[in-house]
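One structure below.
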Amino acid sequence: MSRAALLVLADGRFPAGGHAHSGGAEAAVKAGRITSAASLEDFCRGRLHTAGLVAGALAAAAALGVEPRELDAAADARTPSPALRGAARRLGRQLMRAARASWPSAELDALAGEFPKGAHQPVVLGVAARAAGLGPADAAYCAAYESVSGPATATVRLLSLDPFDATGVLARLAPELDRVADAAVEAARRVLDEGVDALPAASGPVLEIGAEWHAAWPVRLFAS
Amino acid sequence: MHLDHTHHGPAAVSADAHRPDGTRRALRIGLGGPVGSGKTATVAALCRALRDELSLAVVTNDIYTREDAEFLLREAVLPPERITAVETGACPHTAIRDDISANLEAVEDLEDEVGPLDLILVESGGDNLTATFSKGLVDAQIFVIDVAGGDDIPRKGGPGVTTADLLVVNKTDLAPYVGSDLARMAADAKAQRAELPVVFQSLRAEPGVTDVAAWVRGRLTAWAA
């Protein structure tokens, strides 16, 4: 399989529903926590080391062939907010459709059959990476990058932030993305011996609270 | 389009004409057009005209609220379980063209939950003249403009005006008040669209949505054939 499949899977235009989600940025903008490129960077750094790390480890473990049902339950346990669980499953279902069309595979079909309303997105991402012939590090990079690229893109729309500044934020976070992806893969390999309890359980309480607050708004631009 | 090799399990891919259980899915018709041109009013009128003869449902793509869905609910054009709102993340054209996954789920869930359905109307959030629906999402599309938006819109063209399966020029009752020349709009639309149909309508007076409803019935006949 081609390494370039990673570019297809990680492309922001891969049609898997992400464009309608802000990764918590809309709530953070409204609460005044994101007001500029500098505060966007702080927000993204926090999300990378919490939600991003967990998503990366889940994706890497799924790419290694760990039982998706166990990973999905582990993802639920690491996602206190019902709104975020719902968003993760919707995104997982949307990614499933794009992945099955792109890399038809029996494992994806089985996962779709088991979770018709969607498994957690990072779990689907890992199985999709596997179907594309990619490895755990590729899956971890995709998940970790998505954890910051989503909020950055959304903030460009929400604050009319200069898009070059937002892209600069992502570029400056690249070395930390490397470290998070490495840690995620290391944890995923431990899952093979120790089970899903070896997955990281880093969490950002303000992200969880913000997601519940956001889900109750009558007027909003993004689905989460 | 036939990308689903397995033919079992959930979620046929995109435009596959059959559902996973082998039955023919509902015809899907998209309605797009600029803000305020009367898309939601046309959807409401179509529901009233067709609901007694067809099993139908509606998906709305509001830009930042559930206002269009709530209008349809308030008007009680269909039971609430037949109306679904999709959130579009500030980019309504993306949700109907570039990344249609949320809309596909909405139409599939409607068929699962309130089906069998004959027809699903997918209404875009008000957008610009370049917004068109993906063929992976809808089988045919209606582009709705209105006379008050300027009688030069048909001349300006754009993918919606030029390529939609049906162009609806709405609010013809306002033409005298806004100085729009309907004959000119018709001639310009003909020049842009050749043989593709155009309907001029006013929902304020008879015959209202009759012509558009007749066009929808024609598409349904062709779909079921």
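Note: Cβ is positioned from N, Cα and C throughout, glycine not excepted.
Per TrEMBL, domain 'CobW/HypB/UreG nucleotide-binding' is recorded for B:29-199. TrEMBL lists B:G33, B:P34, B:V35, B:G36, B:S37, B:G38, B:K39, B:T40 with the feature GTP binding site.
Note on the binding-site residues B:G33, B:P34, B:G36, B:G38: the fewest other CB atoms within 10 A surround the CB of B:G36.
In sequence order, B:G126, B:V144, B:I145, B:D146, B:N170 are the same-chain residues whose CB sits within 8 A of the CB centroid of B:G33, B:P34, B:V35, B:G36, B:S37, B:G38, B:K39, B:T40, the residues recorded for GTP being left out. Remark: B:V35 (GTP binding site) has B:G126, B:D127 as non-local neighbours, by Cβ distance under 8 Å and separation of at least 6 in sequence. Same-chain residues at least 6 positions away in sequence with a Cβ under 8 Å from that of B:S37 (GTP binding site) are, in sequence order, B:G126, B:V144, B:I145, B:D146, B:G149, B:N170, B:K171. For B:K39 (GTP binding site), other Cβ atoms within 10 Å of its Cβ number 28. The number of other CB atoms found within 10 A of the CB of B:T40 (GTP binding site), across every protein chain shown, is 23.
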